[in-house]
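The structure under discussion appears below in the form of structure tokens.
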Amino acid sequence: HLLQFNKNAIPFYAFYGCYCGWGGRCCFVHDCCYGKWDIYPYSLKSGYITCGKGTWCEEQICECDRVAAECLRRSLSTYKYGYMFYPDSRCRGPSETC
């Protein structure tokens, strides 16, 4: 949910270069946090994301999304549309493990 504050995450980042999707850099920590979407309370004030009170699991998932959203925001200036739907076969090196 929080990724929407940077760009619509699915079309812009799901298959972006070697940096998002399974095995990507900004998305790596996010991928390790969980493998499904969930709903949780959060707010956006002055460009800062704040996770609200919820169950322990909701708060942890929100924090995973917050960190990923901030990572993507820091990378916006280097976003290149040519890397959308980039083939995995062009990525070099082993993927990290969680």
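Just so you know, glycine gets a Cβ as well, placed from its N, Cα and C.
Worth saying up front: this structure is predicted, and the values here are computed from it rather than measured.
Residues annotated as active site in Swiss-Prot, with similarity to another entry given as evidence: HIS30 (among others).
If you look up Swiss-Prot, you'll see ASP65 (among others) marked as active site, on the strength of similarity to another entry. According to DSSP, ASP65 (active site) sits within a helical segment.
Among the features that Swiss-Prot reports, Ca(2+) binding site is placed at TYR19, GLY21, GLY23, ASP31, with the record citing similarity to another entry.
Residues or ranges marked as disulfide bond in Swiss-Prot: CYS18-CYS91 (among others). Within 10 Å of the Cβ of CYS91 (disulfide bond) there are 14 other Cβ atoms, across all protein chains.
In the shown protein chains, 21 other C-beta atoms lie within 10 A of the C-beta of CYS27 (disulfide bond). The feature disulfide bond is assigned by Swiss-Prot to CYS20-CYS27 (among others).
Annotation note: CYS71 (disulfide bond) sits in a helical segment as assigned by DSSP. Annotated disulfide bond per Swiss-Prot: CYS26-CYS71 (among others), in sequence order, evidence recorded as similarity to another entry.
What Swiss-Prot records for CYS32-CYS98 (among others) is disulfide bond, and it gives similarity to another entry as the kind of evidence.
Counted within 10 Å of its Cβ, the other Cβ atoms near CYS64 (disulfide bond) come to 19, all protein chains included. Positions annotated as disulfide bond by Swiss-Prot, on the basis of similarity to another entry: CYS33-CYS64 (among others).
Per Swiss-Prot, disulfide bond is recorded for CYS51-CYS62 (among others). Other Cβ atoms within 10 Å of the Cβ of CYS62 (disulfide bond) number 22 in total over all chains.
Using a 10 angstroms CA-CA radius around CYS71 (disulfide bond), the disulfide-bonded residues that qualify from CYS27, CYS51, CYS62, CYS64 are CYS27.
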